[in-house]
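Look at TrEMBL and you will find 6-200 tagged as domain 'GH16'. The active site, nucleophile annotation in TrEMBL covers Glu86. Per TrEMBL, active site, proton donor is recorded for Glu90. The N-linked glycosylation site annotation in TrEMBL covers Asn94.
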Amino acid sequence: MLVFCVSLSSSSKFDELFQPSWAFDHFVHEGNLLKLKLDNSSGAGFGSKSKYMFGKVSIQLKLVEGDSAGTVTAFYMSSDGPKHNEFDFEFLGNSTGEPYSVQTNVYVNGVGNREQRLDLWFDPTKDFHSYSIFWNQRQVVFLVDETPIRVHTNMEHKGIPYPKDQPMGVYSSIWNADNWATQGGRVKTDWSHAPFIATYKSFEINACECPVSIAAMDNTKRNHHMVYDYCNDGARFPVTPVECVHHRHS
């Protein structure tokens, strides 16, 4: 499907770009800050009002402080439907004193299983840091404070599908994932520390905006910090995924 997009969108105000998706009562607005709360009744999430084809999306985010084990805060792009494309930042909560990990993943035509995980080189709970996804016809780049931490390259010439024909929305959420998020699910969420709060500011989308009618058609410093890479998981993938032979992740 050939998709035409008609305008370049750029803004820094939440209400111009996004709207709450669920648990409206778990949103707190404080001046230019937005806080999402997670407690034992619900998490919360928001999504963009438009869909986009190619460009750069960024947020500034301060993650859950203290004992955040079992929680996940996500920032991602996704199209719709069972054959969707998706680019994920997932920030995995930790026990107090342990490093915060960020997991990235890429879905193409509904297929993910491309996780990479690294420990951040700073404490993301003490101040705001920028997290960005840059996407064009050649590559998908995940950036932390403008430092690329992962590059997923278009290798269609080798027969590997690449996400390039589905408009994507921009989303973020916080939820309980203590069945897997911290030490493989061994450490559970301690609800006595709730509410868990992720704080946002400076939302930016510099991308080609697609009309709603077109988007609806879609329905039919890394090496030293990486702690998991699906390309090196021989137990999970006895045969190395073909894209890993060409992407150099180490």
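Backbone N, Cα and C define each Cβ position, glycine as well.
The distance from the Cα of the residue listed as 'N-linked glycosylation site' to the Cα of Glu86 (active site, nucleophile) comes to 25 Å. Restricting the average to the domain 'GH16' (6-200) gives a pLDDT of 92. Within the same chain, residues at least 6 positions away in sequence whose Cβ sits under 8 Å from that of the residue listed as 'active site, nucleophile' are Tyr76, Met77, Ser78, Ser79, Asn105, Val106, Tyr107, Gly112, Met168. Other C-beta atoms found within 10 angstroms of the C-beta of the residue listed as 'N-linked glycosylation site' number 24, with every protein chain shown included.
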